[in-house]
Each structure stands twice: as structure tokens, then as C-alpha cells.
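S.K.: Reproduced below are the annotations present in TrEMBL:
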- 15-76: domain 'P-type ATPase N-terminal' (DOMAIN)
- 58-81: transmembrane segment (TRANSMEM)
- 234-257: transmembrane segment (TRANSMEM)
- 277-300: transmembrane segment (TRANSMEM)
- D348, K349, T350, E452, F493, K516, R550, T630, G631, D632, R743, K749, N772, D773: ATP binding site (BINDING)
- D348: active site, 4-aspartylphosphate intermediate (ACT_SITE)
- D348, T350, D769, D773: Mg(2+) binding site (BINDING)
- 795-853: domain 'P-type ATPase C-terminal' (DOMAIN)
- 826-847: transmembrane segment (TRANSMEM)
- 867-889: transmembrane segment (TRANSMEM)
- 910-932: transmembrane segment (TRANSMEM)
- 996-1028: region 'Disordered' (REGION)
Amino acid sequence: YNFSLYFLLEVERKIRANDREYNSSFKYATNSIKTSKYNPFTFLPLNLFEQFQRIANAYFLFLLILQVIPAISSLSIHSLLISEKWMNVQVGDIIKLENNQFVTADLLLLSSSEPLNLVYIETAELDGDTNLKVKQSLTVTGDMGDSLEDLAAFNGEVCCEPPNNRLDRFTGTLTFGTQKYSLDNERVLLRGCTLRNTDWCFGLVLFAGPETKLMQNCGKSTFKRTSIDRLMNILVLFIFGLLALMCIILAVGNGIWENHAGSKFNAFLPREENTAFSAFLTFWSYIIILNTVVPISLYVSMEVIRLGNSYYINWDRNMYHARTDTPAEARTTTLNEELGQIKYIFSDKTGTLTQNIMTFNKCSINGKSYGQDQSHILPRHKTPLQQSNMDFSFNRLADPKFLFYDHSLVEGVKLELPDVHAFFRLLALCHTVMAEEKKEGDLVYQAQSPDEGALVTAARNFGFVFRSRSPETVTIEEMGIQRSYELLAILDFNNVRKRMSVIVRNPEGKLSLYCKGADTIIYERLHPSCSELMKVTTEHLNEFAGEGLRTLVLAYKDLDEEYFSEWKQRHHESSVALEDREEKLEKLYEEIEKDMMLIGATAIEDKLQDGVAQTIEQLTKAEIKIWVLTGDKQETAENIGYSCNLLREEMNEVFVVAANSPEEVRQELRDARLKMCPDTEQDKFLIPEIILGNTPKVVQDENVNGEYGLVINGHSLAFALESNMELEFLRTACICKTVICCRVTPLQKAQVVELVKKYKKAVTLAIGDGANDVSMIKAAHIGVGISGQEGMQAVLSSDFSFAQFRFLQRLLLVHGRWSYLRMCKFLRYFFYKNFTFTFVHFWYAFFCGFSAQLGLDLSYWTVVNHLFVWGSLGMFFILTFTMYTDGLFQLRPSSFAFIGTARNCLNQPNVWLTVALTAILCVLPVAAYRFFYSQISPTINDKVQYRPAPRPRRTRLTRRSTRRSGYAFSHAHGYGDLVTSGRFLRRHAPARSMGLISTGRSPGFKPTGRSAGYSPVGREQNPKQKVEPTSLQMFRAVKDASF
């Protein structure tokens, strides 16, 4: 946690609206944020500090100081309404935001243009979730609307928690007048969110700049160094020791030589009277002369090689994404060879592994499976889309972009099969989706989750069109006939119930309960007469699960009027109870949701990016462990894990840690570890690793029989990351083949990466596409950004970037491997060259009286080197052409008879062919030797390279209910209360003062985001609108007649 001292001392925060003088007395942070690494004043000291992390650079500075001392020098002595910028916004200001603008700071929502002061926000930059969320202001502040006089006169005081990094929690109170109102997270808009489907809103700034929750979750930029750089520092220390040892030997030799033979050479070498002082000066002279043993040019040469490797990445056409015109980019040149040493990959889910686009693929209705792709029986010259497109012309409200591949289902709808109609009627009624109809027939669904939007859209295309809703009714169009159902109750979804139900009365007066949810939950509540149908449906669910589809079971029940009246009365009494309200309601839900009749099941595909499963498979073969860190829901992440082969049915077991207390989390982690390694000892999994005097603890790898997976939610992870439990968590997680952490905050992502870096001797890589991944990308040894739909924040903070996850395979296994091999071969040659050159001087010292003279004149040998290399080539061509000139022929016709033969010869292709064949014959023996050697005695790399890829086999999958019930787990507590309360529905608001238009959505209302304009065909109906430049209007209490 990177809090300032003031943050540590701050216990609570007090804010007075529209009073800058009062708020400034607390010295709260301004809204100005600087993310640059340097400024004009810190560039030089910080850059020097980073450069001197390389120990050799400190040596070069020391060497420079020695060179300026004449007595020991080996050189000659001559030798960068009030409209405000974001940075000017302060705590306590009231600001105005408009549709599609980013939220500037952490705000307390005061009022909005929507009925009952609701706002719709997208939090993809915070948690990666692209579904719209609803926030609502207090009624007392919402009544101010957009009245500038009321807003300017507002002087409420807020007392709230100090700045922290908890995105899901906020506590505070608002004092306005004589009343005190409670504030929670539902009243707060966080910086980084985007306002959607809301014309305008006003908010009071609570936290600004670095105190906002977004910035509290952002990691600090660090100077990343490769393992080769760290190894170089160690080698340089040993080289220093070797240099000192050689210089001591030569200095002692000088002292001995001066005593015994120095007087005989006074005419050639001026003698120092003090022999000890002479040896002392000789020591430092040889420090300078033998400096070539220290790799003085190594770092420059390494940077040149790294720059070349970076260009190879930038130029790689196999990592170019043509659809978005996005090439791969190496944003740093210092980490290329580290790509070949990756051991752990930490990946985001939404936008990184998936496209977050749901499609309705298959279903099972009354024991019959629909949606089988018939492409295997098509003629070769036609594609599946050309042959299998469904004809929905009978439905004028059908979405033309919807695709389905089984014509028998449409026939069942047209034939009015009761089970098929009941199936789609349930999908059209049992949901909390909102419908917007801007013009006749132009429907746009705004769903809480993409999969719920997919189901309602499927029902729409098959003739059961959801048109509108009110707190009391749901209106649908069944096969062209509009029908209005009375909505009597919504039994909403939560993570314990794992199902959702609605109770409706049809126009004929018949009462029915419609339910959808997880298969295990629904099966327990079915009537015994459904046993045979349940077996057939289970087989279909197994097939759907094997294809990675997210499934849901549908059921219904006809209700008795008298029983329901009595049940509804008890339901009302329980809903207003002050004690044990949730428990009483749950008992009532259990009572009515039983003896239901099974209708069928749905199967939805959450589309992965192209090549994700294959990429993960190849990375796993390279013994790279992949951890998924996502802000999404547990079961959604778990289903994606199965879809992309991170989790597999063949695994021995997948452990789920979802406890709510530290003791329970510790016990579940220990139980999982003991189940994987029953014979492990508690205290023998840490090994000390001594590096330069430091003894950090390293968690050693433990071998287990079988493959295991671990899924842990954010609440449990918060306990697992505590100092007294982090080793238990890390030890258990490292044994598993795959780890999935869900519902995690951006800071928790960074903490998981830091934990692995701290206790594992491994190189880590983090990959993501949103602002919520920035802290993780900064924390890892290497950060990779994907340029996706969630902005460019991840790319701007990354070391490498590209457009698709599948390119990671080539980045690591091709560019990373070859960069590492090139660097290692270069270092071997470089040290060999330096030691050879240095030992010549060392050996020469024994023949020059240890007089610190140069054995090799560098300038002389440099000239000779160039002369013999380039001169020999030049002389060859000069003599060749001279021997066949006209002048020599005229002087000695008999000796130089072949005029122009050289020039004519070089113009003949057969001559160059002869040269090429000669070169090939010279190289052929070496190539043949290496080929046969690799066949007779292959290395590990050769074995992997030539091993044939195994043919994929289809395995019969066993029933795993927890992964099939993906939709039932796919979102948090539903919108049922909001639907029945009518708070989100339009109402005519009273006209505001100053002649302003009444509130409500504008005629140009257009839902955005991937949950708002759902398209079941892989494309959004309403692409995300371009975020407009924000110009905030701040309203202060000023004495102005026009105000």
C-alpha cells in the first residue's frame, strides 16, 4: 500500500459541499495525477540511480577517476457555470457529467436525468465487467435535479471513511439540514467508470487524484531488470575479485623485481626509490591496463542485440492482426531474452481470453436436442452459413443477425408444439431485461448479463418477443399476438439460491411459476414424474458441457389461486419483518419452488478469442503454469476455464475455496493440499537461497500424482494473502496445474503476482487488456497488453503489446527462446574474447619487469587488423583486373594474352555457380556432421522439435453439474427488487426551474456497452460509443444575479 503519512493518520473524512475554504483546511489531495516516470528535476538523479544498479557502471566511474591521476594513468596527460480541467477539481466541488463521459473523481451521486435519479455506469476500467450497473442517489439530493440555484446552495456535510483501495465497499453519512442519511457503495461513482444511457448527472467530489480508489489500486512503476542483468552483476563481482587478484600478483612481482633487478634497468625505466610505493602505484596502473577483463562494452553490445530482437517482434507478420490493423509491438528493448524464461503467466479473462459475446447455440426441449450443426453433411462447395441460415421471415420482429443451425426447431414453433411454445414463453417472461423500442419494431434489450440477453433474444427470434414491462405486467408478443401477463412476484437470483423464478397470471387468469437455474438445484425440486425426462436431459447436458457451453435448466409449475393468495400474504409479512427477513423469505421460496415440471435446458456459448485453447495447450506443454485473475464471477470464470482447456474433465479434482473467515480459508487450503500430497511435511517446503548475502525463502516445487485445479474467490483470497497465510495459499496453488482467482480487485491481482515473485524462483508474465490489469502488468517481470475494447491503459503500461491472446505463444516460444539463445551465445563469445585479450597483458607483465607497459598497442593493432582484412580483399580484385588489362598486353603480349578475361569471367553465371558450389562443399561436411549428431545423440530441444503432435481424442465426459450451471452463477444479486419497485421505469418528473426540460431519457437514447445492445451473433448491435472529451462544469455558490 502506497499511502502517504497523512493517509495513515486519517481516520475519517469530512467534506462540506461548495466550501473550498473549509475543505482546503484538511489539505486533501487535488485531482491532479502524474503517471510519468520522470520530471525535468528528477530525470538525472533517477536515471543515474537506475544505471548504477549495474555494478559495472560504478566500476567505470571509479576507473574514470583513476584515469585523471597522472601518476597512474595509462593515457597521455594531453590527452510541462465554470468550465474546469480535471486537474483543478477539488474535494467538495459539485461537478456535472454527461453521457459517455468518464467519471472524473470519486463522487457522491446527487441527482441525474433519469427517473428516480438512477444512473447507468460501465465499470470495465475498474473490474473488467462490461455489464451496466445501476446507481441511485438519495431522494433528498435527487430532488435538486439540475437546478443550479439548489445545487449551488447545497451545503451538506459528508463524514466518510479515509481513502482506501476497496472497490466494493463505502461507508459514510450525509448531514443535510437537521437530518443524517446513511451512505453506501450504491451512492458512489468511482473514477474510471463511464456514464452510459444517462443524459447528465451531478456529483459531490469525495476523493480526488491519488486518493481515488482507482489510483489506490494502481501499482507503482518499477525498473524491470532481466535475470541476465542480475547474473551479470554477480559475474562482474567475481571479475572484480579476479582483477584485484591479478593486480596484487603483479604488484608483488613489481616489488620483488625492483629489489632484485630494478637497478640494472635505470637507463630504460626510471626507478622509484621506495619499493613499496612503486608496487602500490603499479597495482593501480594494472587496474587500468587490465580493465578489459571487465565488460566495459558489454552493456552497449547487449542493448544493440536487444534492439535487433525487438525489431524482429515488430516485424513479425504472424503476430499482425489484420482485422484491427494492429501489429505486435515491443515497447521495451531490455526484456526480450526474459521472454524465453517464463514460468508463470497471470491472465485476465474478459477481453483477454474471451470476447464476452454470448450466442444461443443449442437447447433440449422435452427430451429432444436442437441446434446440431449440419455442416458435416453439406456439399463441399458451400459453407454452413450458406446452407443453414434459419428463415425467420414469419417473425417481423426477429433480429436478422441471429444465427441458428437447426431448422426442426423453427418447424416445431410453426406447428405450435406445446412444449416448444412453453420453452420460449418461459425465456420471454423469466428475466429482468429492459426493452427499449425507439421506433416500431426496433427493439434493443438492456440486460444485466450478456447470457440473459442471449436467452431473451433467442425467444424473440423464435416468435416470443419481449416488448415491455411495468412493475405489474410483462408484455410479450406470441407468434404475432400481443399478450400481457400480470407480474405477481419475482423470486430473485442470488449465489445461494442459484435460480430465478417469476409468478405470473396469463390473460386467461391462469397462475404459473416459471423457474430457471442450475441443474442440480432445479433437479432437487422437480416432480417425481419427471425422472425419465430428467435422465434424457442430463445426457444432453453432458454433451453441451463437453463442448464448453454454459447451460441452464428450465421448469414450470401451475399454482392454485387460493394457495397463492395465502402464500402472498405470508410473503408480504416476511418482506417487512425487522428480524430474520432473509431467512423467512428463503423458506417461502423453498416452499413454492417444489414439484415443478421439467421443460428442458439451454446451452449458451461464451465465445473465446481465436486460438485461445490451442495456445494454452502449447504453453502447458512448455511447463508454463497459467493463473487466471479476473474480476468476473466465480462460475463464469470456471466455465471459461473448461472452455479453454485450463480446467479439464480428466483432472483428478478441482478445489473451490469460497470460505468467509480466515480459519475456514486456512482449513480448506490445507485440506486441498493434504489431499494432493498426503505425505508432505509441514515445515520442509521452504528452502533458503543465498544471493549476495541475502537469504530469501523460496517455496520449492512439490511433485504430485495427477492433475488438480484450484478456484478461489476474491473474499477468500483477501484472507489467503495475509502474511500469516500467504505461504499456505502459495504452496497449495503451486501444486495445482491451474489456478483461477475470481472477483479480485486490481490490487489483489498485483498482490498475487508479488507473492509468486517473492517466494518462487521464477519469471512471471502478466497479460490483460483493461485499466484494472495495469497494477498486475506493472508488478510482473514482464507485462503484456492486449489492445482490445477496454481502452489502451493496459497497452500503455505494458512491455509488449498485440491484439490477440494467441500471439502469446509465438512471443514466448519463438521470439523469447531465440532471443535468449542469441544472448547466451553472445555472452560466451564476449567473455572468451575479453579474457583472452586480458591474459596476454598479464603474461606480458612477466617479461617487462612488471612495469605496467602495454603489451599490445591498440591503435597499431587496429590499423593492422583493418589493413589485412580490407586490404587483402582490395588487393585480390586489383591484381586480378590488372593482370588482364590492355597496358600489360601491349608491354608483354606473350605473357598477358587474355585481355578482359577477368571482367568477362565474372559476368558468366557458371563462374558464380562454381563459387557457390565450392562454398557449399566446404560447409556440407559440417552440416552433415551436425545433422547426424542430432539424430544419434539428440538434445531435449531436438526431441521436442521433432515429436509429432498427438491427434486430439474426444473423451466421454462425466457429469459435472458445477460447470454446467454457468448461467445461474453468472451475475450477482439480480434486479428483481428494482423491477417490482418501478424505480427504474419512466415517470414524468415535474419541470425544473429556469425553464429546463423535464427529466427522463432523451429521444436519442441509445444503450451502449456489451450488455445493453446484445447481439447473439458475435457483433454488438450498438457498438460502444466513442468517449467524448470531458469538460466538467463546476457550480459554486457565488453571488451572481444570473445564477
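The backbone N, Cα and C atoms fix where each Cβ goes, and this holds for glycine too.
Note that this is a predicted model, so its numbers are computed, not measured.
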S.K.: Using a 10 angstroms cut-off on Cβ to Cβ distances, just flag whichever of R550, R743 is the loneliest among these binding-site residues.
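M.R.: Taking R550, R743 as the binding-site residues, the minimal 10 Å Cβ count falls on R743.
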S.K.: Test the contact criterion for the transmembrane segment (234-257) and the transmembrane segment (826-847): 3 or more CB pairs under 8 Å, pairs 6 or more apart in sequence, then answer yes or no.
M.R.: yes
S.K.: Using the alpha carbons only, what distance in Å do you get between R743 (ATP binding site) and D773 (Mg(2+) binding site) once rounded?
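M.R.: Distance (Cα to Cα, whole Å): 13 Å.
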S.K.: Let's see if you can do this one: DSSP helix, strand and coil counts over the domain 'P-type ATPase C-terminal' (795-853), in that order.
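M.R.: When I sort the residues of the domain 'P-type ATPase C-terminal' (795-853) into the three classes, I find 43 helix, 3 strand, 13 coil.
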S.K.: Please give the average pLDDT for the domain 'P-type ATPase C-terminal' (795-853) in this predicted model.
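M.R.: Over the domain 'P-type ATPase C-terminal' (795-853), the predicted model scores a mean pLDDT of 88.
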S.K.: Test of understanding: give the count of other CB atoms lying within 10 angstroms of the CB of N772 (ATP binding site).
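M.R.: Here the count is 33.
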S.K.: Please work out the number of neighbouring Cβ atoms within 10 Å of the Cβ of G631 (ATP binding site), leaving out its own Cβ.
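M.R.: Neighbour count, Cβ to Cβ under the 10 Å cut-off: 27.
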S.K.: Do you know which of the binding-site residues D348, D769, D773 has the most other C-beta atoms within 10 angstroms of its C-beta?
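M.R.: Counting Cβ neighbours within 10 Å, the top one is D773.
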S.K.: Enter the number of other CB atoms within 10 angstroms of the CB of F493 (ATP binding site).
M.R.: 27
S.K.: Just counting, how many other CB atoms are there within 10 A of the CB of T350 (ATP binding site)?
M.R.: 29
S.K.: Between D769 (Mg(2+) binding site) and T350 (ATP binding site), find the distance joining the two CA atoms and give it rounded to the nearest Å.
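M.R.: Counting only the Cα atoms, the answer is 8 Å.
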S.K.: When you rank F493, R550, G631 by Cα distance to D773 (Mg(2+) binding site), which of the binding-site residues ends up on top as the closest?
M.R.: G631
